[in-house]
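Peer 1: Right, I'll just put the structure down here and ask away after.
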Amino acid sequence: MKRIVVVSGLSGAGKTTAMGFLEDLGYFCVDNVPGNILEELLKLFMSSDLEKMAMAIDVRSEHLGDPISTVERIKEKTNALVIFLEASTEELLRRYALTRRRHPLQKDGLGLEDAIEKEKEILSHIKEIADVVIDTTRMNTHQLRETLAHFLVNQAGGTSVRIMSFGFKHGIPMDADFVFDARFLPNPHYVPELSSKTGLDSEVEAYFKNYPVVEEFIEKIFEVLKVAIEEYQRTGRRIITVGIGCTGGKHRSVYITHRLKEMLEREGFTVIEKHRDIEKV
């Protein structure tokens, strides 16, 4: 089965890294697809021996046609996976300061921060129709490639669920569709023999088994996610991201994330488990 991936997103958010990774995976990569040759390009790909093609579409494509309508047409005509990359304005400013590159919308006296905000506005609809939105604010190159690999593995299937534990003190994952707050639950951090362990350790699991409210909370989240996933499958959504947060992202959120993965997999769902802050202090 032929695969098509569309990569869009904010300048400086990692599109070059993403396209390089896709090329390493054997995708035929096309940068800034002109809208007026899209139909011909798709026909050539479908009739060729190529199995995988990736297309990058961003604000630089504006002089070659409307990037939004281009992405919409690709989604209408193919089973393409649309990936949108973003990062916080502060992080994009930092990255541009390091590279000293000029933002593609920085012209006619427009400052960098204003150019970033203008780009967010232009591409907002592509973000809305994307199958996957990845916030790269706290990601390095390796983590972005790893995240892309997870999504690409599941491209051919139905709706996949990405469950991420995190610590609120390290920031909420901006790409999460759902965020659940576990900070009200008993905290093993204050038990000396458990403080250095994580929610993946059997001793921490045994601790949580003493508190029925923990299992009740997990069951409630599970029921919500089941309803949401089934509805997303009906509407064709490929990926949903769920954030489970506690204070530091080491005990409560990790345990709940792992338990939910097991429960959802038993229901036949494809689940990606990630513990963002488990190694942080």
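Cβ atoms here come from the backbone N, Cα and C positions, even for glycine.
Okay, these came from Swiss-Prot:
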BINDING   G9, L10, S11, G12, A13, G14, K15, T16  ATP binding site
BINDING   D58, V59, R60, S61  GTP binding site
Peer 1: Between the Cα atoms of S11 (ATP binding site) and D58 (GTP binding site), what distance do you get, rounded to the nearest Å?
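Peer 2: Pair distance, Cα basis, whole Å: 8 Å.
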Peer 1: Quick one, of the binding-site residues S11, T16, which Cβ has the fewest other Cβ within 10 Å?
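Peer 2: So among S11, T16, the binding-site residues given, the one with the fewest Cβ atoms within 10 Å is T16.
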Peer 1: Cα of K15 (ATP binding site) to Cα of D58 (GTP binding site): how many Å, rounded?
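Peer 2: One finds 9 Å between the Cα atoms of these residues.
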Peer 1: List, in sequence order, those binding-site residues among G9, L10, G12, A13, G14, T16 whose Cα sits within 10 Å of the Cα of D58 (GTP binding site).
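Peer 2: Qualifying among G9, L10, G12, A13, G14, T16: G9, L10.
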Peer 1: Within its own chain, what residues at least 6 apart in sequence put their Cβ under 8 Å from the Cβ of A13 (ATP binding site), listed in sequence order?
Peer 2: L85, E86, A87, L92, T136
Peer 1: Excluding G9, L10, S11, G12, A13, G14, K15, T16, which residues of the same chain place their Cβ within 8 Å of the centroid of the Cβ atoms of the recorded ATP site?
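Peer 2: What remains near the Cβ centre is D58, L85, E86, A87, T136.
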Peer 1: Name the residue among the binding-site residues L10, V59 whose Cβ has the smallest number of other Cβ atoms within 10 Å.
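Peer 2: Least crowded of the binding-site residues L10, V59, by Cβ count within 10 Å, is V59.
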Peer 1: Which of G9, G12, K15 has the fewest nearby Cβ atoms, counting only those within 10 Å, among these binding-site residues?
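Peer 2: Relative to the other binding-site residues in G9, G12, K15, K15 has the fewest Cβ atoms within 10 Å.
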Peer 1: By the DSSP assignment reduced to helix, strand and coil, which category contains T16 (ATP binding site)?
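Peer 2: Note: T16 (ATP binding site) is helical by DSSP.
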Peer 1: Which ones, of the binding-site residues G9, L10, G12, G14, T16, have a Cα no more than 10 Å from the Cα of V59 (GTP binding site)?
Peer 2: G9, L10
